[in-house]
Amino acid sequence: MTPMKIILAAPRGFCAGVNMAIDSLDLTLQKFGPPVYVYHEIVHNQFVVKTFREKGAVFVDTIDEVPEGGVLLFSAHGVSPEIRKAAQARKLHALDATCPLVTKVHLEAIKYAKAGYTIILIGHEGHDEVLGTMGEAPEAIVLVEDEADVDRLEFEPGTQLAYLTQTTLSVDDAGRVIRRLRERFPEIHSPPKDDICYATQNRQEAVKLLREDADVIVVLGSQNSSNSQRLKELAAEQGKRAMLVDGPQDLAVDQFSDDDRVLITAGASAPESVVQSTIDWLKENFDASVDTQVVREEDVQFPLPKPLRAFAAEQAAAK
């Protein structure tokens, strides 16, 4: 019998936006001390959120939960102008860890709205990123999730249309919705550059290319992570066994066979530590070997929020 083989996908795990957001929260806690309030989860990963709670971060869903004058960090998913104004009204010391690729979508929404366009936003209702983007121009944005939503759209003749997308969508799903939009509204404007982020695309590409050789696919990530859910869906497309788990604590020995070929990847908000602990669990239980498959190299970094850059430099110099 051939022993278990782990196919370790690369790239996987943290993207540049998540790295920046996590570094920002770490530095904010060091600079100001706890408690540091974070509007929504810093990233959609339960392990990361638990770790920061233990360090003194407090995750809130409304600005009213933050004491006046408190320190507040906006998460990687971005916020609406209304939230920024509410933070100012409470005299909060607000820092912004919004991913620059999300900010790009916000700026596109503002630009199109000012030019008189109706914006069709492709995304998941209720997702933090979607709420922030829609808040930039609520009177001008219509949300769609799939082709059926597109088929229900009706606009006055002569309406100028543009579309934008949530950054963490399935490339294939978004492509189908965009094709339907173009069929129904041939004059619709598209963003100058694809809104789906590089890391989302790269991780999906790796799963597509590597799933053929796998019997089972394990995606490390949390259930509320949009990009992790899309990876699981992609993994399961051809009838393969696919699971989305936070770590080895969610796995059972009877889910695997001794000779399985197990593809492991991780969503953009899942830390490498949970990948390694999952590999260790499979090695311990199945004597598995690891074969890393690099599909694409990544070397992207995003700058910290300006108020943290000098402090970060001081901390680095002191080491």
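Each residue, glycine too, has its Cβ placed from N, Cα and C.
The shown structure was predicted, so the numbers you read here are calculated from the model rather than taken from an experiment.
Per Swiss-Prot, these features apply:
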type     : residues                                     : note
BINDING  : C15, C99, C197                               : [4Fe-4S] cluster binding site
BINDING  : H44, H77, H127, S225, S226, N227, S269       : isopentenyl diphosphate binding site
BINDING  : H44, H77, H127, S225, S226, N227, S269       : dimethylallyl diphosphate binding site
BINDING  : H44, H77, H127, T167, S225, S226, N227, S269 : (2E)-4-hydroxy-3-methylbut-2-enyl diphosphate binding site
ACT_SITE : E129                                         : active site, proton donor
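Feature annotations (Swiss-Prot) mapped to structure.
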| residue | record | Cβ within 10 Å |
| --- | --- | --- |
| C15 | [4Fe-4S] cluster binding site | 28 |
| H44 | isopentenyl diphosphate binding site | 29 |
| H77 | isopentenyl diphosphate binding site | 28 |
| C99 | [4Fe-4S] cluster binding site | 26 |
| H127 | isopentenyl diphosphate binding site | 18 |
| E129 | active site, proton donor | 26 |
| C197 | [4Fe-4S] cluster binding site | 26 |
| S226 | isopentenyl diphosphate binding site | 25 |
| N227 | isopentenyl diphosphate binding site | 26 |
| S269 | isopentenyl diphosphate binding site | 32 |
Let me spell it out: for each of the binding-site residues (T167, S225), count the other Cβ atoms within 10 Å of that residue's Cβ, using every protein chain shown. Which one has the most?
T167
How many whole Å apart are the CA atoms of H77 (isopentenyl diphosphate binding site) and C15 ([4Fe-4S] cluster binding site)?
13
So among C99, E129, C197, all listed as recorded positions, which is physically nearest to S225 (isopentenyl diphosphate binding site)? Use the C-alpha atoms.
E129
Integer Å distance between the CA atoms belonging to N227 (isopentenyl diphosphate binding site) and C15 ([4Fe-4S] cluster binding site):
11
So, in DSSP terms, is C197 ([4Fe-4S] cluster binding site) helix, strand, or coil?
coil
Spatial separation of T167 ((2E)-4-hydroxy-3-methylbut-2-enyl diphosphate binding site) from the residue listed as 'active site, proton donor' - C-alpha basis, Å:
8
Reported as an integer number of Å, what is the Cα distance between T167 ((2E)-4-hydroxy-3-methylbut-2-enyl diphosphate binding site) and C197 ([4Fe-4S] cluster binding site)?
5
Rounded to a whole number of Å, the separation of the Cα atoms of H127 (isopentenyl diphosphate binding site) and C197 ([4Fe-4S] cluster binding site) comes to 16
